[in-house]
Amino acid sequence: MTHQTHAYHMVNPSPWPLTGALSALLMTSGLIMWFHFNSTALLTLGLTTNMLTMYQWWRDVIRESTFQGHHTPAVQKGLRYGMILFIISEVLFFTGFFWAFYHSSLAPTPELGGCWPPTGIHPLNPLEVPLLNTSVLLASGVSITWAHHSLMEGNRYHMLQALFITIALGVYFTLLQASEYYEAPFTISDGVYGSTFFVATGFHGLHVIIGSTFLIVCFFRQLKFHFTSSHHFGFEAAAWYWHFVDVVWLFLYMSIYWWGS
């Protein structure tokens, strides 16, 4: 290893951005094949290569940060800026979905019956499963904060306990959302109501699955003593992401489930 006189991490050439891009192409193409031709072969290949890429890329980052010491305070500062910008881009991503929803619902056209929800649509009761989902995500926000404070205080047992509770609540939310989709009296093809409902809540559900995966990785890393009270940005980024998912759900609940019903 050559000596360096600066605090920045000079990353070695890596195949993972290329394999990640190829797996994303396979997944999106596979999704189209599944929708139009009922074939899941390409989608399965894309998901498999994506999972392998994520595993090996994260493995390399963990090696560089935890075992090789490349994540100096200057590098961590850059990672924090990167995570903040990523979350801002996600906020703008969801802004598009809310824009589509309010554009359609605030001034419903004659084709929709001049009312919202459109004629013939029976919306879900916001005081049933959606309210339970809201309480589950809010509880998970409390438990992830508990985990963060426990880590800052050096209490490993409480950190693992709180993190496990957060993951369990995230999985429970996903199962509730899946059951709600299964029992919904409308589909994604039921006009603009169905499309805005399923795209907005579906992408949020995808983000919950991504966040849960992020937290599961943190849980296993903490089992191996990877985090300390002063060096734990991987967990901190996961906590920021989880709080973002919480806040988006509150807006979804108030807009689509409560006001939109």
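Glycine residues also receive a Cβ, built from the backbone N, Cα and C atoms like all the rest.
For reference, Swiss-Prot has these:
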{"type": "TOPO_DOM", "residues": "1-15", "note": "topological domain 'Mitochondrial matrix'"}
{"type": "TOPO_DOM", "residues": "35-40", "note": "topological domain 'Mitochondrial intermembrane'"}
{"type": "TOPO_DOM", "residues": "67-72", "note": "topological domain 'Mitochondrial matrix'"}
{"type": "TOPO_DOM", "residues": "106-128", "note": "topological domain 'Mitochondrial intermembrane'"}
{"type": "TOPO_DOM", "residues": "184-190", "note": "topological domain 'Mitochondrial intermembrane'"}
{"type": "TOPO_DOM", "residues": "224-232", "note": "topological domain 'Mitochondrial matrix'"}
{"type": "TOPO_DOM", "residues": "257-261", "note": "topological domain 'Mitochondrial intermembrane'"}
{"type": "TRANSMEM", "residues": "16-34", "note": "transmembrane segment"}
{"type": "TRANSMEM", "residues": "41-66", "note": "transmembrane segment"}
{"type": "TRANSMEM", "residues": "73-105", "note": "transmembrane segment"}
{"type": "TRANSMEM", "residues": "129-152", "note": "transmembrane segment"}
{"type": "TRANSMEM", "residues": "156-183", "note": "transmembrane segment"}
{"type": "TRANSMEM", "residues": "191-223", "note": "transmembrane segment"}
{"type": "TRANSMEM", "residues": "233-256", "note": "transmembrane segment"}
What is the number of residues in the topological domain 'Mitochondrial matrix' (67-72) that are helix, strand and coil, as DSSP sees it?
1 helix, 0 strand, 5 coil
Residue list, the topological domain 'Mitochondrial intermembrane' (257-261) vs rest of chain: Cβ under 8 Å, 6 or more residues beyond ends.
101, 105, 116-117, 123-126, 130, 197
For the topological domain 'Mitochondrial matrix' (1-15), give me same-chain residues lying six or more residues beyond its boundaries with a C-beta closer than 8 angstroms to one of its C-beta atoms, as numbers and ranges.
57, 60, 64, 70-75
With Cβ distances under 8 Å as the criterion, find the stretch in 16-34, 41-66, 191-223, 233-256 that has the most pairs with the transmembrane segment (129-152).
233-256
Checking distant contacts: for the transmembrane segment (73-105), what same-chain residues at least six beyond its ends satisfy Cβ-Cβ under 8 A?
7-9, 112, 116, 192-193, 196, 199-200, 203-204, 207, 233, 237, 240-241, 244, 248, 251, 255-256, 260
Sequence-remote contacts (6 or more beyond its ends) of the topological domain 'Mitochondrial intermembrane' (35-40), Cβ cut-off under 8 Å?
none
Let me spell it out: take the topological domain 'Mitochondrial matrix' (224-232), skip the flanking residues so only those 6+ beyond its ends count, and list any with a Cβ under 8 Å from a Cβ in it.
62, 66, 71, 151-154, 156, 159, 218
Residue numbers, six or more beyond the limits of the topological domain 'Mitochondrial intermembrane' (184-190), whose CB comes under 8 Å of its CB atoms:
120-122, 124, 197-199
Would you mind giving the whole-number mean pLDDT across the topological domain 'Mitochondrial matrix' (67-72)?
84
The topological domain 'Mitochondrial intermembrane' (35-40) - residue tally per DSSP class, helix then strand then coil:
3 helix, 0 strand, 3 coil
Kindly report the helix/strand/coil residue split of the topological domain 'Mitochondrial matrix' (1-15) according to DSSP, in that order.
0 helix, 0 strand, 15 coil
Determine which residues of the chain contact the topological domain 'Mitochondrial matrix' (67-72) at the Cβ level, with the cut-off under 8 Å and only residues 6 or more beyond its ends counted.
7-9, 79, 231, 233
For the topological domain 'Mitochondrial intermembrane' (106-128), could you work out the same-chain residues 6 or more beyond its ends whose Cβ comes under 8 Å from its Cβ atoms?
180, 184-186, 190-194, 253, 257-258, 260-261
